[in-house]
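Visitor: Mind having a look at this structure? Questions to follow.
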Amino acid sequence: MDFIIGIVLLTCFSQITASSVKISPETDKWIRYGRDLSISCIFSSKHYNSIQLLHGDNEVHVSDQVTLTSETFTDADDLQTTVLRYTKSNVKFDDAGVYECRTENAKKQVKIDVVKGKLKIFPKTERVIAFEGERVTLTCEYQGGQRLDVTWSSTSGRDLKKSGFVIGSIVQSGAYVLTKVDISKSRASFSDSGKYDCTAGPFAKSVILEVYQGECDNLLVSGPSGVPDGHMTASSYYEDSIYMDSPERARLNLEDERVQKDNGNYVILGGGWMAGDKDKNEWIQVKFKAQSVVRSIWTQGRFESNCCNQSDWTTEFKVQFSQDGVVWHKYKDQSGNDLLNPQIRRSKNNLYFRANSDSDTVVKNDLPYPLITKYIRIYPTAWHGDIALRLDIKGCLIPQNLRISEPVQKAINLPVPGTLRISCEYTGPKEDHVLWSKNFVRMGNLDGFVRSSTEQLSGGRVTITDTITKDTTEFLDSGNYTCYVPNSTLSDTLTVHAMKLDKKPNIDRYWVSSQNAVQLSCEYRSLDRREFSWEHSGGDINNRHFQITRDIKKSDGAVFVTSSIRKPYVDATDSGNYTCRVGEMSRSWEVNVLSVMGNGSWQAITPNRTMYLECDVKGLPNNIPYQIFWTKEGMSLKDLNSHGRINYFPNSKNLQIVRAQPSDAGKYECNILLEVGSPAQQQVSITKEIYAPPKTMLDGMKTINVGDSLHLYCKTTGYPTPSIVWKKNGLSLSELSSRVTFLPYGGLDNGHLVVFDVSGSEAGEYTCEAESEYFNSATSRLKVEVKELSIATSPTLLIAIIVGSVVVFMAIVCCGVYVKCNQRAKKKNYAYDTNSLERLRQSRPRLPRNNTFSEDQPKIMKLSEEPRFYSKRPPMSSPPLSTSSQRSVSTFESDSYERVPLRNKLNITLTDQEGEEGYNTGSTQEKVRFSIVDIK
């Protein structure tokens, strides 16, 4: 009855552990106020079970803004999956809280927070321009009803602090929370170019940073990069019969100039531009030769000539810009910070620059952030006298830049086989060509790579993205890949390490019980040798007392490096994530150590009483299916033939042994099958042992004749298996004598004692003593008597006396008849272990082969086929010896002659009639013809 109940409980337990509940999202989540919220409950089981979604303590229901859908499907393994989907539109603050997916046996929760606010990045532009060696600052600002953590990150995964960025934050609380986080670098580098992300709860913004190399402080109006007169225009300008203050006269430091016109009259070209009217809508415009970066504007008043006492200059101006000369944009504040420059005034995000206070002084106004444009207009908003100015603009034509944009690292580890994709981005004022080389040798046919190129014109800039791709990589793809523009210094290089990194065991979760060993290995293959590093939960593994080994081999030009960590005895503190890392490539395991509790690893047997083996394991997962079952030395309990005395109780995980018997001793395994049904299914076995004291039984020949072989057998019981010591008359026996040997028997290497060519001194009391580390020794004794043979009963001596006469022939014939008759009266013979007796045979002298005879030598037997030899069967059952005979008898060869001492003839069984029996190690009986030849 108990057994049936146990089966039922095990079945129910298996059903429970085979089910699982999941919730999506799996982790706590922020939702923006007014957006939509979606939650899914997923329940999988062999049996149907209803599933609910609760918000707090209340079950959710369908409403105007809430929809609930449910669907169920069954896979090929009869696993039933139910998906419950919840959607709430226009989320309010009341929708925040804990949501719980619940079934009869399991539940999962997730916390939802609702937040209202906005996130901004300054400068407020898609691309921020910075210059190598100069300061760059990016600002992220969050404003909302509750405080959120604001973080910056690089899309490429670069560590901002390690890259030299300084992070600063300001938090202001009041009617709302205002958080500003800046990342700044005092000296930007070209490698800082890329995309940067700012996040605050559910809010996210991105910006692209472009760091230009080279000088960008050139005069764009009057210098070598200056514009022609036709590129300087204005809304209007002053002109009469004597003076002309046209816009091309607005170059910095330009003075009046008297020139003769085509009609012969002279005109004075003024030292500056002067508007035809005094209006804030007047402007002067510059069209650059190409897309340019504007960094500063330099202004000066109109040149004062000696006549007319004119004093005209602009005291304040604003800026507009355009990429095509048609659509214009105001230059506004994009910094998000208070302006520290006293020359700049801000009004509704419009920036006004303070200009001149006299006609001659040059005033410089740096733009808060660089401006990329093809056209620029200066609008005077305040002036002295008439609207007039001279100017120049400093910056540079858009420089040519070239960089490998994908991957962003300068060196990568490439999985083999895998896909290699390298993108090179060229930016410049005009179209150009991008080429590739590998290890600084131009890639002609691209060596198996596929090449693609795209071109984009944006903001007057040309951006060319050239990409090479190889779908299936190999180790030979390691090397330095360079993209470059011909006839220029523009180039960028990526170092590729083509490699393969495998882990053993190849599972994500590794389960082990405490006090057992853990071994994890990683194998790295590449063309070059790289160094391994090991981590435990993100920290150094050296303080975990693991043994770290490394093995290096080379094959076909590739380097194979295997690194392993091993700890022979782990405990619960060794649980965690373990990672082997080679460069940026890594492999990880989640190691879970199960703590074993209970009544120790072993206990002594208590005969005829009930015993319990406990399997109290801590750390079993709640969300991972598992099963528990017991075995004895790998054998299922139902195969033990215990007649219902051994029972397993699933609730307690304990094993019960009723009326324990000595045969119940041994090793039992509590087996925990984890992640049942998945490819990562694993079994953890916890050993529990029952020890039993040793017992012995000594059997064998009690009486033996001189010259025969003595066989004694020591049979033992007990667990752990005891060791035995042989003694004679209280003294230990050893194999120091060539006539004494020990053979395997009963699971022991020395359970069978053999003494050859027994003499009278072998008589006495033989002892087999079984020793155990945990119990007292057990001893069995056997007294052996040795008898002498008379001449009348010795066939060998009898034949030796009458050699050389006819009687010899008769004696041998009679002896042969005696052998046959005697054999028929004997019990079945037993063959012995081949290797052991072959070793014995080699230790005895062998008689020489000879085809001649003499009176004092044993006679010759001629065998027509190769026989197998059989020894006398011992008085008790024993394991087989060998097909070679004892002592000096060798294996016979067909049609060969072998000398056989007559004493040993009685130890040979030969058959020549149907129905006679012999014993050998083969599966069938073989017959041998026996004859005596050349008898004198």
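In case you wondered, yes, glycine gets a Cβ from its N, Cα and C as well.
As annotated in TrEMBL:
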type     : residues : note
DOMAIN   : 1-113    : domain 'Ig-like'
SIGNAL   : 1-18     : signal peptide
DOMAIN   : 123-200  : domain 'Ig-like'
DOMAIN   : 216-396  : domain 'F5/8 type C'
DOMAIN   : 399-495  : domain 'Ig-like'
DOMAIN   : 568-687  : domain 'Ig-like'
DOMAIN   : 693-787  : domain 'Ig-like'
TRANSMEM : 797-819  : transmembrane segment
REGION   : 864-896  : region 'Disordered'
COMPBIAS : 879-890  : compositional bias 'Low complexity'
Visitor: Would the domain 'Ig-like' (568-687) count as touching the domain 'Ig-like' (123-200), if touching means at least three Cβ pairs under 8 Å and pairs must be 6 or more apart in sequence?
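Guide: They are not in contact.
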Visitor: Tally of helix, strand and coil residues over the domain 'Ig-like' (568-687) according to DSSP?
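Guide: Split by secondary structure, the domain 'Ig-like' (568-687) comes out as 9 helix, 59 strand, 52 coil.
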Visitor: Going through 216-396, 399-495, 693-787 one by one, which has the most CB pairs that fall under 8 Å from the domain 'Ig-like' (123-200)?
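Guide: Selected stretch: 216-396, with the most Cβ pairs under 8 Å.
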Visitor: For the domain 'Ig-like' (693-787), DSSP counts of helix, strand and coil?
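Guide: The composition, in the requested order, is 3 helix, 61 strand, 31 coil.
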Visitor: Summarise the model's confidence over the domain 'Ig-like' (123-200) as a mean pLDDT value.
Guide: 91
Visitor: If you run through the domain 'Ig-like' (1-113) with DSSP, how many residues end up as helix, strand and coil?
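Guide: Across the domain 'Ig-like' (1-113), DSSP assigns the residues as follows: 19 helix, 56 strand, 38 coil.
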